[in-house]
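Undergrad: So Swiss-Prot says this about it:
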- R14: site 'Transition state stabilizer' (SITE)
- K21: site 'Transition state stabilizer' (SITE)
- R152: site 'Positions MEP for the nucleophilic attack' (SITE)
- K208: site 'Positions MEP for the nucleophilic attack' (SITE)
Amino acid sequence: MIVGVILFGGKGTRFSKDFPKQFLKFNGKALMEHTVEKFLLDCFEFLVVVSNKDYINKSIEILKKFEKKIYVIEGGKTREHSTFNAIKFLENKIDLEDIVLIHDGARPFVNKDIIEKNIENAKLFGATVTAISSENTIAVVENDFILSVPKRDSIFIIQTPQTFKYKVLKDSFFKFSNRLDNFTDDSSVVLASGYKVSITEGNKKNIKITTVEDLHLMGVDEIVGG
């Protein structure tokens, strides 16, 4: 079985003080709709949408038009706590060998090819993350001074989806359940648990929408508030 988890747990304060970015409308639909539509694929048994508790009802209202089975659950105080909530929600619904794909709700431009390659690599390796190679030289800095400059061919920019066998996620997140504030993405929790994580090639268009300017860069002109 394959399930998709889409994270909309934050309030998007960098985007707008008035409403979360998932409800911003462009090209006639809310950002949430654009993202979820990418996962209305036959391979997914069901989807889990993780929402800020204040917007669960609004999320349900937006998503009820889709025929796919979609559960809307409450998110946590951070991204990783939201992922952990989804992992616990899935405990009695799927088996340990099943595949769980986790995606940032603010990445509406993900495509089917990336999703399918994630699933394929998770089946092969147990854990995989979407990433693109860095075109820029990256420096490690401390106190405003450069400590080192890693080789560019070893630097990758992490995106989502991040996809795992359920047993890998469950083992990793329960192991670090009291230290999830130390992590910023799912793969770092899995790595800390001793698992290897493979790379699935992403693309530049699979950006995370953080500001209105990000949508303009993607060629979106008509943007309407939530």
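Each position is counted from 1, following the chain as shown.
Just so it is clear, glycine is given a Cβ too, placed from its N, Cα and C backbone atoms.
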Undergrad: Report, in whole Å, the straight Cα-to-Cα distance of K208 (site 'Positions MEP for the nucleophilic attack') from K21 (site 'Transition state stabilizer').
TA: 11
Undergrad: Determine the Cβ neighbour count for K208 (site 'Positions MEP for the nucleophilic attack'): the number of other Cβ atoms within 10 Å of its Cβ.
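TA: So the number of other Cβ atoms within 10 Å of K208 (site 'Positions MEP for the nucleophilic attack') is 13.
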Undergrad: Minimum Cβ neighbour count within 10 Å among the recorded sites K21, R152: which residue?
TA: R152
Undergrad: Tell me the Cα distance separating R152 (site 'Positions MEP for the nucleophilic attack') from K208 (site 'Positions MEP for the nucleophilic attack'), rounded to the nearest angstrom.
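TA: Rounded to a whole number, the Cα-Cα distance is 22 Å.
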